[in-house]
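Annotated in Swiss-Prot:
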- Glu89: active site, proton acceptor (ACT_SITE)
- 92-318: domain 'Radical SAM core' (DOMAIN)
- Cys99-Cys323: disulfide bond (DISULFID)
- Cys106, Cys110, Cys113: [4Fe-4S] cluster binding site (BINDING)
- Gly151, Glu152, Ser181, Ser204, Leu205, His206, Asn280: S-adenosyl-L-methionine binding site (BINDING)
- Cys323: active site, S-methylcysteine intermediate (ACT_SITE)
Amino acid sequence: MRIDFIRQRLRAQGAKPCHEQRILRIWAQVLPTEGGRSRPDDFLPQAVRDAMPALLADLDGLARLRSQHPGEDGSARLLVELADGQTVESVLLPRDGLCVSTQVGCAVGCVFCMTGREGLLRQVGSAEIVAQVVLARRQRLVKKVVFMGMGEPAHNLDNVMEAIDFLGTTGAIGHKNLVFSTVGDPRVFERLPLGPVKPALALSLHTTRADLRAQLLPRAPRMDPADLVERAEAYARATSYPIQYQWTLLEGINDGPDEVEGIVRLLHGKYAVLNMIPYNTVPDLPYTRPSWEAAAALARTLHRRGILTKLRQSAGQDVEGGCGQLRARELAPSARRIEIRPVASLP
């Protein structure tokens, strides 16, 4: 379901634009309706009031909590059931953040990701994306939404941008706290600067080598990492938001000295931060995370070379909070490790 469908349904009952906006604000922000200025009886026409119970029931059915798995780090992994019975994952993050899904499945096929193993099943509508935020807000405060769950937002651009515009206005989330995460797609760099709400941009880089990136992200657009960084830098300068480059650390694959040199070459002097996240190990996949000590040494080396680097723990590591693990692990066939020449670890 798209947000515009909700508006059309309200208009069909005689709601004016001011009524639509107040109803949608109450829903998106999870505002109380008993007492105060938000009581529907005080501002809605009778026909709209009569239609509200059915509408609210349908909105509640857009995203229902099937299971919740708290993590020791303050995160919580949510398995969310959509109205048609399909499931996606959301992750409540420490410090008032939420990671939402934009597709059921994913077509990019990252070799280290569970979600991509089942392919793309369907798009998640803009109202379903917002419904994940509403579901989370009923449990805790949400001030930041990252579009970094199941799916590639660039492959569902209309719904994702509609949800971003809605959350950045009616949903009362600061524009810099809406983070569009992508593997990189020319359409993203064309579309994001045009919207009324311009989100922060996170770019899944993972390697500076075009050949290796093609192996790790086999169905991502064939854009050279240098071209990706150039386009992202233009967006960063236009919006005054630094680009968040995402780097999943895979032991023996993208954690060697050659990548250090590549990162310095691409990112030195750029308006950016490099987020290095040790791989959230999946039992069914043949990849491992480097030790925390090795990852920290890598981050320190990059700091010394002038790259703003943050080493992060993957949220929900103890509850398998990585993208698609809960939903996809029993559906996917066994994986085969790609043949990549190992590189020496940093001294």
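Cβ from N, Cα, C; glycine included.
Known features from Swiss-Prot, placed on the structure.
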{"residue": "Cys99", "record": "disulfide bond", "CB count, 10 Å": "27"}
{"residue": "Cys106", "record": "[4Fe-4S] cluster binding site", "CB count, 10 Å": "28"}
{"residue": "Cys110", "record": "[4Fe-4S] cluster binding site", "CB count, 10 Å": "22"}
{"residue": "Cys113", "record": "[4Fe-4S] cluster binding site", "CB count, 10 Å": "24"}
{"residue": "Gly151", "record": "S-adenosyl-L-methionine binding site", "CB count, 10 Å": "31"}
{"residue": "Glu152", "record": "S-adenosyl-L-methionine binding site", "CB count, 10 Å": "29"}
{"residue": "Ser204", "record": "S-adenosyl-L-methionine binding site", "CB count, 10 Å": "24"}
{"residue": "Leu205", "record": "S-adenosyl-L-methionine binding site", "CB count, 10 Å": "28"}
{"residue": "His206", "record": "S-adenosyl-L-methionine binding site", "CB count, 10 Å": "24"}
{"residue": "Asn280", "record": "S-adenosyl-L-methionine binding site", "CB count, 10 Å": "21"}
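Pairwise Cα distances among Gly151, Glu152, Ser181, Ser204, Leu205, His206, Asn280, which the record gives as the binders of S-adenosyl-L-methionine, peak at 18 Å. Among the recorded positions Cys99, Cys106, Cys110, the ones whose Cα sits within 10 Å of the Cα of Gly151 (S-adenosyl-L-methionine binding site) are Cys106. Annotated pair Cys110 ([4Fe-4S] cluster binding site) and Asn280 (S-adenosyl-L-methionine binding site), C-alpha to C-alpha distance, rounded: 14 Å. When Cα-Cα distances from Ser181 (S-adenosyl-L-methionine binding site) are compared across the recorded positions Glu89, Cys99, Cys106, Cys113, the shortest belongs to Cys99. Taking the domain 'Radical SAM core' (92-318) as a whole, pLDDT averages 94 in the prediction.
Checked against Cys113 ([4Fe-4S] cluster binding site), the recorded positions Glu89, Glu152, Leu205, Asn280 differ in C-alpha distance, with Asn280 being the nearest.
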